[in-house]
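Here's what Swiss-Prot has on this protein:
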type: BINDING; residues: Thr29, Ala30, Gly31, Pro32, Lys50, Asp86, Gly87, Thr88, Thr89, Thr90, Gly418, Asp499; note: ATP binding site
Amino acid sequence: MTNVVVSGEQLQEAFREVAAIVDSTVAITAGPRGKTVGINKPYGAPEITKDGYKVMKGIKPEKPLNAAIASIFAQSCSQCNDKVGDGTTTCSILTSNMIMEASKSIAAGNDRVGIKNGIQKAKDVILKEIASMSRTISLEKIDEVAQVAIISANGDKDIGNSIADSVKKVGKEGVITVEESKGSKELEVELTTGMQFDRGYLSPYFITNNEKMIVELDNPYLLITEKKLNIIQPLLPILEAIVKSGKPLVIIAEDIEGEALSTLVINKLRGGLKVAAVKAPGFGDRRKEMLEDIATLTGAKYVIKDELGIKMEDLTLDDLGTAKNVKITKDNTTVVSENSDSDSVKARIEQIKSQIETSTSDYDKEKLRERLAKLSGGVAVLKVGGATEVEVKERRDRVEDALHATRAAIEEGIVPGGGVALLYASSVLDKLKGASDEEQIGINIIKKVLSAPIRRLVKNAGLESAVIIDYLIKQNDKELIYNVEAMNYANAFTAGVIDPAKVVRIAFETAVSVASVLITTESMIVDVPSKENASSPMGAGEMSGMGGF
């Protein structure tokens, strides 16, 4: 491989090429009348999806420079997806349009730094306007919750109503997870006991689902301890028993490091042991209580600690906890329990309620209520079915997007949907003046780009956007939308065409962030195959093995 430095108009042209690819490929999935995209896989059949994030990740241009730029676009989608799990298509539309407009101005000789400063100045004003437009969503108004989910699920009422039903059952503090159903073609909601806490996997090598970057273990044992584990010897007897059982193991400990962690990772990679490890939640006495909560929920006989005098070497499978399912992300762990009618769980809940009543500290009461909510709130499992594997995966993507959107709406409220929130917010830029001509260009770019999402939604419906946008603006009603599904003008909240304010905010913020970086990029260094490597079956740096791991 050799390095090539690309700059000037050649780089700007590449920016525009990739932005056009994104705008024509990712953007066509937007809205209830958006289209699906097929993504070829190295193995198996192509995946058919309307998930903008998946489509963006699937774009891999042949030219090395364009491929490098596309990966930066994909990172912007990834950031948006990580923060709210939705809004990636809107983010892609905004980013690509900002890049195209800014690149044209830079090619015309305008100062890129001044343009970026104008974009940043406009961003701050728009974010305040989005916040002022937001309306709080109440869990009592279950129809509003359903509408948020329906919109994000591309108009699927079954998905929206199922998510609303789940939220109603588990409440604001409850946990909702998604899994694929075996044998069913329907979307089902199953209520079970469980809990979620804010600790993720200790090593990415524990990941079982590389596409979603999560650990998913069915019917695992749970070893729960207050101790810090750094040597493997005390764990060997129970690990051998786990291997013989054929079931996975989840270890929750104060910390796991050194030899203990590396041995678990190596055995997991070799396929001999299905295992994952996470740090215990909380701190101090609160950590001890939360570990006891988890032990009660999973039916573990002990939380292993020095005071008990129980040695790790003497543990048997009967001493461990069990769960129906454990899902671990980089930030959270969700335990779905099989102990739904356990007397010990009920007794634990009553004990915490009693502590809340007798506590005189507001802080302690708050933490006790958090524990009570985790233990009693339950877990709603959305089981996604379908006639084929392709249908199940496509539907699961939409269910997860809708679930993330619903959570975001509960957090920061809702705004009119159908792309009008950004369109109406752009009006505040009429009074914003830049300190220079270039700054004003940046402000004008944002004003123009904020109409891109609604233009694309209308275009995907086969309609002319200019006429519709002109009518909406002239009515001077910030709750008026064009419903591309019903093909009529309507009040956003009456028609249920609403978006989570947080999703709109994050999509816009992320797009501005990525566009600002690319706008101020003068040169890029890219790797291209050298002449010797062009005839080689393997590119430079490729090896036939794993490097002797």
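Indices start at 1 and increase along the chain as displayed.
Cβ atoms here come from the backbone N, Cα and C positions, even for glycine.
Other Cβ atoms within 10 Å of the Cβ of Thr89 (ATP binding site) number 28 in total over all chains. Thr29 (ATP binding site) carries a helical DSSP state (H, G or I). Around the Cβ of Gly31 (ATP binding site), the number of neighbouring Cβ atoms within 10 Å comes to 26. Gly87 (ATP binding site) carries neither a helix nor a strand DSSP state and counts as coil. In terms of local Cβ density within 10 Å, Gly87 ranks first among the binding-site residues Gly87, Gly418.
For Thr29 (ATP binding site), the same-chain residues lying six or more positions away in sequence with a CB closer than 8 A to its CB are Lys35, Thr36, Val37, Thr49, Lys50, Asp51, Gly52, Val55, Thr89. Taking every pair among Thr29, Ala30, Gly31, Pro32, Lys50, Asp86, Gly87, Thr88, Thr89, Thr90, Gly418, Asp499, the residues recorded as binding ATP, the greatest CA to CA distance is 18 Å. Within 10 Å of the C-beta atom of Lys50 (ATP binding site) sit 22 other C-beta atoms, taking all shown protein chains into account.
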